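Single-structure report; data block below.
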């Protein structure tokens, strides 16, 4: 399979062609993935927050943000600036080290996970062969930060929120991993680029959502629970726990939790688009479109347009899923903590195992359709 163009290798090779020594070229590259991640994730979050406020307003028959910039587009920026300039208070009885480390451990793995997301055709920051495994490993760090934040606050509501968050995250990580494992089994690779390539060539009919409808539902439900979105926002249920593990946080530390929540939502939507909806792939194969227009596939202009539209396609799919997640907030009531854990352990986990066994059986029976 075509592994795509690795941005790291291409960038370093381009600098070496200009006469820059390999060591210097690698040193120049080192901060760039972090900068790209920060810029991309921040812009994604700003769009996500604006969408949430506008869609929530529409659901409640309000106008929503309107006066801060055109259509209220700068309202999320104003929110961010407000949080940055707020006083950062550490409670007198809190553990200052753990209190500070908690938000960092929550937000850092989410940003690092963007490294393995292919945003468009041949556009991935680091194309490593074990991208999915790296994402699962990074996501398992988050519960530690949540529990640390709740425990270090020395507040009963924060502690209960932290315990709930850790229990919820651990409960839904396993079904999430099982649904991803079925995709890995079909594509014979842990690389996100290979998974998208495995779906390409047949347009919308080749997308994994048709071969893995059960896995798609498990992944989406588990992803919403991991992001603590309604109806799974038990760790910070305002009516029960004030603000959960975030109760004692203010200023920039609170902003990190706020940022992490939305970055995680956009990341989950991007991963669903990559794993189940063909990533950058068009609903109609690009070669069919080229033949209809009468343009050769080797045409460099077509390749550039195809790459640009591929990025757009990935983002459209991802933000459609973000729209669904926001809509669910205003249409589904919050579940109880016992119902939430029962759903994870007694329903999603067994169904995930059955889905994995079915995928293995179908792969043996129909190797062409299921990646044998």
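Here the Cβ of each residue, glycine as well, is placed from N, Cα and C on the backbone.
Ranges compared are 65-85, 233-253, and Swiss-Prot records transmembrane segment for 65-85. Within the chain carrying the transmembrane segment (166-186), a Cβ under 8 angstroms from the stretch's Cβ atoms is held by residues 132, 136, 139-140, 142-144, 146-147, 150, 195, 198, 208, 211-212, 215-216, 218-219, 221-223, 225-226, 228, 232, 234-235, 275-276, 340-341, 344-345, 348-349, 351-353, 355-356, 359-360, 363, 370-371, all 6 or more beyond its ends.
Residues 45-46, 49-50, 53-54, 57, 251-252, 254-255, 258 of the same chain lie 6 or more positions beyond the ends of the transmembrane segment (65-85) yet place their CB under 8 Å from a CB of it. Note: the stretches the transmembrane segment (97-117) and the transmembrane segment (266-286) are in contact (3+ CB pairs below 8 A, sequence gap of 6 or more).
Scored by C-beta pairs under 8 angstroms, the transmembrane segment (347-367) has its highest count with 204-224, from the stretches 27-47, 204-224, 266-286, 308-328.
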